[in-house]
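Single-structure report; data block below.
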Amino acid sequence: MPRFTKTKGTLAATALGLALAGAAFADPVEDGLVIETDSGPVEIVTKTAPPAFLADTFDTIYSGWHFRDDSTRDLERDDFDNPAMVFVDRGLDKWNAAMGVNGESCASCHQGPESMAGLRAVMPRVDEHTGKLMIMEDYVNACVTERMGLEKWGVTSDNMKDMLSLISLQSRGMAVNVKIDGPAAPYWEHGKEIYYTRYGQLEMSCANCHEDNAGNMIRADHLSQGQINGFPTYRLKDSGMVTAQHRFVGCVRDTRAETFKAGSDDFKALELYVASRGNGLSVEGVSVRH
């Protein structure tokens, strides 16, 4: 991927830099999130102490929920109002559907979706059998292809988004706890390198927005810390679900760079690194964002 291109891109980067330099700062909204569900209220940790490797960067890490307006935050307080729950229901239909060539369903092996509780909180992770870094999409596709005999689902396809929404919901309220040591360490380091590398004509890195300018207002948007504990999320701008891999493509493309592909080894490593920056926050299951 090209890091940057000079000429017009440099001028655009300068203009954006000036905009950021003059941007107004707004503290994250001081609020607490308790979600009303059919099973009762679920308290969500949306701010906490940073992981050790970020201790010199942030005093507190915040879920992106704190950087949204009142109406958007309120949509997440009750499952009845949360538009993402439609996609959870679609995922449940797929879970129980006899999709396999021999009539297998997800439930045939895993029983109810609650068997997935805790998975979202530790993803991505290095698979103990293959030694490869796996995102949740990889595990879903392993079942789809190897156990059901179907064609692989696209990483950002509707089928995948529906299933990820259902699976993620089972870990709602659990603390994000991805491993970054041992076999995960080289992948984590690669993801960190991507996070701090400037890309595109705008010569911007992930850190430029979500670390250097977190809390600033630009183009009526309140820049967050870029946490992904709420993904997959219902994005009001897109009127649909967005996964972390999907969002990475959009972010890099916004720098006017030729982006890595969703589900690529590079974006898997980036997802591991970004997820680790939110260790200690709660999985929000399916959140709502602008």
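Placement of Cβ uses the backbone N, Cα and C atoms for every residue, glycine included.
Here's what Swiss-Prot has on this protein:
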type	residues	note
SIGNAL	1-26	signal peptide
DOMAIN	78-171	domain 'Cytochrome c'
BINDING	Asp78, Asp81	Zn(2+) 1 binding site
BINDING	His190, Asp266	Zn(2+) 2 binding site
BINDING	Cys206, Cys209, His210, Cys251	heme c 2 binding site
BINDING	Arg247	substrate binding site
ACT_SITE	Cys251	active site, cysteine persulfide intermediate
Pick the one among the binding-site residues Cys206, Cys209, Cys251 whose Cβ has the fewest other Cβ atoms within 10 Å in this structure.
Cys251
Which chain neighbours of the heme c 2 site, leaving out Cys206, Cys209, His210, Cys251, have a Cβ atom within 8 Å of the mean position of the site's Cβ atoms?
Met204, Ser205, Ala207, Asn208, Glu211, Gly226
Tally of helix, strand and coil residues over the domain 'Cytochrome c' (78-171) according to DSSP?
48 helix, 5 strand, 41 coil
Densest Cβ neighbourhood among His190, Arg247 (binding-site residues), 10 Å radius:
Arg247
Candidate nearest Asp81 (Zn(2+) 1 binding site) in space, where candidates are the binding-site residues Cys206, His210, Arg247, Cys251, Asp266 and distance is Cα-Cα:
Arg247
Ten-angstrom check, please: count other Cβ atoms within 10 Å of the Cβ of Asp81 (Zn(2+) 1 binding site), all chains counted.
12
Taking Cα-Cα distance, which of the binding-site residues Asp78, His190, Arg247, Asp266 are within 10 Å of His210 (heme c 2 binding site)?
none
Tell me which of the binding-site residues Asp78, His190, Cys206, Cys209, Asp266 ends up closest to the residue listed as 'substrate binding site' in space, Cα to Cα.
Cys206
Number of other Cβ atoms within 10 Å of the Cβ of His210 (heme c 2 binding site) across all protein chains:
19
